[in-house]
Amino acid sequence: MSKDQNKVTNIVICGVGGQGIILASNVLCSAVFNRGFDIKKSEVHGMAQRGGSVITHVRFGHKIHSPLIEEGTAYYILAFEKLEALRYLHYLKKNGKIIVNDRKIPPMSVLTGQTKYPEDILSKLNDRGKVYLIDAEKKANELGNERTVNIILLGVLARFLKFDPDTWDKALRENIKEKYIDLNLKAFNAGLKLKSENQS
Amino acid sequence: MKTILSGNEAVARGAWEAGCKVAAAYPGTPSTEILENIILYPEIYAEWSINEKVALEVAAGASFAGCRSLVAMKHVGLNVAADPLFTMAYSGVTGGFVIVNADDPGMWSSQNEQDNRHYARHAKIPMLEPSDSQEARIFVKLGFEISEQFDTPVLLRLTTRICHSTCLVDLDDRIEHQISGYTKNIKKRLVLPAHARLLHIAVEERMKKLAEYSEKFLYNQIEWGQKKLGIITSGISYQYAKEVFPKASFLKLAFTYPLPEKLIREFSRQVRNVIIIEEGDPILETEIKAMGIKATGKARIPVCGELTPKVIKESFNIKKLDINPEPAPVRPPVLCPGCPHRGVFYIINKLNLVATGDIGCYTLSALPPLNAMDTCICMGASITNAHGLDKALGKEFSNKMVAVLGDSTFFHSGITGLVNAVYNKGNLNLIIVDNYTTAMTGHQPHPGTGKLAHGETGKRIPPEDIARGCGVEFVKTVNPDDLEETENTIKEALEFDGVTVLVFRRPCALLLKRKIPYYVDSENCKSCNICMRIGCPAISLTSIPGKEKEIAVIDADLCFGCGLCAQVCTCEAIKLRDIVR
Ligand SMILES: Cc1ncc(C[n+]2csc(CCOP(=O)(O)OP(=O)(O)O)c2C)c(N)n1
């Protein structure tokens, strides 16, 4: 078996319930499937979604057994919110990539003053891997629809995965209602080209 | 053809391919999407039953007719349905009957971590355990065949990581299964003691035959690797164990009750050490050790919590990565902005009432800052627990107590408790928080909505009519968005002697269009923080130049526009945006 055959790509997608993480991960899965990989994805529904912390595991390669990513083995973390990037940072492989949305959603314990929202998140992320800070909200507002944040962020991730445009186009069409497809294709392409805030 | 499906979608697909014609379920994470996906197949009659006992009996009735039928529920649902479950094992089936049951190790969305593999043993029903979506699809089909061949219901046991993980699945066509029709057979279906005594003997005989079948079951598989280590496992645990011990020999069990004893002996004899890797209770381990086989299992692997490759590694002291999670404030789920439940619980907290609670989104009101719920045991228990407290402590206590449950929970198991309280002269103040849906599990309809599973209109049954029909004299419908009305009506109900029912009705915020958001006029805000007490995720505190203390701000992207904060604000600082965004 060649080395390539043993290679498994692990991607953690995380954020706050209601941010559209499940749709983004479904599109990713379709794209991976269309490329002919073995794939497993695991997420949790229900209680965890009501504004709670959410993590989705996506793994693909030649043959996948466990649907769960082990700590310290994720090539990419795609975080829809900064605190959630910090929460799941231990999943990152050494020198992995962290794409993080420049958005702060304080949890209830911070709102009620019991705890503080950590100040030094970005420096902690930088210590562990390469950080791409993305202002997806701003881009979404430019596109005129705040609900496209998830697909913009997926577009940023897509830059690294190097699947051909048709693969993504098909994957988006398979998961998004016809009515919204043009908007989301635009969002995805905007993500592909989006500059990160912390780089020139 | 291949596609990617979650375990739940695969179960639905398998049922369709097998020619299933009737399916019933009550929602419950992680099983909900099974029926949601069955609904998409027009060949299957699908219904949201009002609870799991009802659902199981409906599917059993369809089986009496010679129709392939399926019922799905979460693990605790089987507790509710346990009564018909045990007797259906005696009665057997006519059309194939598959009971799909989803456990929730790690309690992602549940009140306990019970291991429902015990039910197979307790009720004497064969059990199949898939280890991924592909097997889930195939095992539903095999389940129908086994059910018909051995005249027994079949339990298909899933867990959260099977239900909500996706992987590649092959698809087959549907094979129609003719409904054979109904023939009276009281020896089988009317369990008088005289009949049941004979049926019990038949069950014991059936178990012996099933044990033989298990020996030959295609998916009870040995995968030979190094013989130093032999791992016996099943379900999702197999996938994790494969990651951790890629070179070991495996006995992967799929027909897990009754166990294939000969196969287990054969495997164990050929390997040096036997390890049993299972999530939850030591069920395989207990039975395998009772065969006289030496094995290691729960002495190392924890009983509590979800199993993961990491937990297995730690259990066997295999190389541990030296990374720990960064400390981060927890983010438990919260009531959404605009949730109709919020105002009711704000008042319950304000009046300092004891509130026996129940299960649904509204259980989140138990967390700070609302702190408005005292108990939550199981669906329906709010009413009956309150009744018991009333009987033990008397009116002085129960005049300051409310029982609170959701609309779906009321239909699930609230009605019997309500009748009981009326009949037994209780002093019960029941609050039904009616958001017109089963929100927690993803918005399924129920009798109070009058919508059926496929979306067509059925008969709407308002909880108020039920309450009156049960003999409740004080029944009122209240608008939860009006705090003053909410407070006054609750006080009125508390003063009433006997059983009262208040229905607080406004649809779930996730089902409505957002309204114009509110904002905080920083000039007027006196930093009293009273608006922080309603626990709305859209409101936070921030410091601005020129103000000594932090003032409140409203995130316009999150604000639903319910106006609750404006009602609690005492400085007229919270205002409606007059500009249209
Ligand atoms: C026996 C049982 N079945 C199913 C569930 C899953 N479950 C938890 S709450 C709930 C229904 C909640 O609906 P409702 O009472 O209308 O409250 P809402 O979430 O809409 O506020 C369900 C189905 C459970 N916990 N126990």
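Keep in mind that glycine also has a Cβ here, set from the backbone N, Cα and C atoms.
Annotated domain '4Fe-4S ferredoxin-type' per TrEMBL: B:516-546, B:550-579, in sequence order. Positions annotated as [4Fe-4S] cluster 1 binding site by TrEMBL: B:Cys525, B:Cys528, B:Cys531, B:Cys569. Residues or ranges marked as [4Fe-4S] cluster 2 binding site in TrEMBL: B:Cys536, B:Cys559, B:Cys562, B:Cys565.
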Next item on the list: For the domain '4Fe-4S ferredoxin-type' (B:516-546), could you work out the same-chain residues 6 or more beyond its ends whose Cβ comes under 8 Å from its Cβ atoms?
Entry: 334-337, 342-343, 346, 349, 367-370, 552-556, 558-561, 563-566, 568-577, 580-581
Next item on the list: List, in sequence order, the residues of the same chain other than B:Cys525, B:Cys528, B:Cys531, B:Cys569 whose Cβ lies within 8 Å of the centroid of the Cβ atoms of the recorded [4Fe-4S] cluster 1 site.
Entry: B:Val520, B:Lys526, B:Ser527, B:Asn529, B:Ile530, B:Ala552, B:Cys565, B:Val568, B:Thr570, B:Cys571, B:Ala573, B:Ile574
Check: Taking the Cβ of B:Cys559 ([4Fe-4S] cluster 2 binding site) as reference, which residues of that chain separated by at least 6 in sequence fall under 8 Å from it?
Finding: B:Pro337, B:Gly338, B:Arg514, B:Pro517, B:Tyr518, B:Ala538
Check: Using DSSP and three states only, what is B:Cys565 ([4Fe-4S] cluster 2 binding site)?
Finding: helix
Next item on the list: Around the recorded [4Fe-4S] cluster 2 site, report the further residues of that chain (criterion: Cβ within 8 Å of the mean position of the Cβ atoms of B:Cys536, B:Cys559, B:Cys562, B:Cys565; site residues excluded), sequence-ordered.
Entry: B:Pro337, B:Gly338, B:Tyr518, B:Ile534, B:Ala538, B:Ile539, B:Ile554, B:Phe560, B:Gly561, B:Gly563, B:Leu564
Check: Which three-state DSSP class does B:Cys531 ([4Fe-4S] cluster 1 binding site) fall into?
Finding: helix
Check: Taking the Cβ of B:Cys565 ([4Fe-4S] cluster 2 binding site) as the centre, how many other Cβ atoms fall within a 10 Å radius?
Finding: 24
Item checked: Integer average pLDDT (0 to 100) for the domain '4Fe-4S ferredoxin-type' (B:516-546) -> 94
Next item on the list: Taking only the Cα atoms, work out how far B:Cys565 ([4Fe-4S] cluster 2 binding site) lies from B:Cys528 ([4Fe-4S] cluster 1 binding site), in Å, as a whole number.
Entry: 13
Check: Given the binding-site residues B:Cys531, B:Cys536, B:Cys562, B:Cys569, and counting only Cβ atoms in the protein chains shown, which has the most within 10 Å of its Cβ?
Finding: B:Cys536
